[in-house]
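These notes are about the structure you will find just below.
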Amino acid sequence: MTKTMMIFAAAMTVMALLLVPTIEAQTECVSKLVPCFNDLNTTTTPVKECCDSIKEAVEKELTCLCTIYTSPGLLAQFNVTTEKALGLSRRCNVTTDLSACTAKGAPSPKASLPPPAPAGNTKKDAGAGNKLAGYGVTTVILSLISSIFF
């Protein structure tokens, strides 16, 4: 496994961990899509493992895909656009689009997220919460990076 793929896998795992309500399902879904990373910037048919992963995710884990497609900045962190991700699906002959995320019966990724915390009385209160969350994310990222290299 190349260094880039390992970093991508670690970053995707961190992203999945940040989606706390459905952590186990999200982590599994995202990790299954790692074989698609090398095919994102090509115009050829992706490898069979990638296409099989996409087909399975559309059939069994639509909530996860919807979360990935509709979370602002999630794909952008890897220089991937929603159009590129959907184009990869089309090259695998998987016909789905964002309307599947809002179709009747398809779970809404936003519905599973916890409600926002009540606003603090001062800006200082909000800043403290953001700092605490930042330390947690930083710790997770550093732990994953160190486990890859050591």
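Heads up, residue numbers simply count up from 1 along the chain you see.
Using the three backbone atoms N, Cα and C, a Cβ is placed for every residue, glycine included.
Quick caveat, the model's predicted, so the values are computed rather than measured.
According to Swiss-Prot, the features are:
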DISULFID  C29-C66  disulfide bond
DISULFID  C36-C50  disulfide bond
DISULFID  C51-C92  disulfide bond
DISULFID  C64-C101  disulfide bond
CARBOHYD  N41  N-linked glycosylation site
CARBOHYD  N79  N-linked glycosylation site
CARBOHYD  N93  N-linked glycosylation site
LIPID     D125  GPI-anchor amidated aspartate
REGION    103-125  region 'Disordered'
SIGNAL    1-25  signal peptide
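Here N79 (N-linked glycosylation site) comes close to no residue that lies at least six apart in sequence on the same chain with a C-beta under 8 angstroms from its C-beta. Among the disulfide-bonded residues C29, C64, C66, C92, C101, the ones whose Cα sits within 10 Å of the Cα of C50 (disulfide bond) are C92. Proximity note: of the listed recorded positions (C36, N41, C92, N93, C101), none has a CA within 10 Å of the CA of C29 (disulfide bond). Ranking the recorded positions C36, N41, C64, C66, C101 by the distance of their Cα atoms from the Cα of C92 (disulfide bond) places C36 first. Between the alpha carbons (Cα) of N41 (N-linked glycosylation site) and C51 (disulfide bond) lies a span of roughly 15 Å. Reported as a whole number, the C-alpha separation between C66 (disulfide bond) and N93 (N-linked glycosylation site) equals 18 Å.
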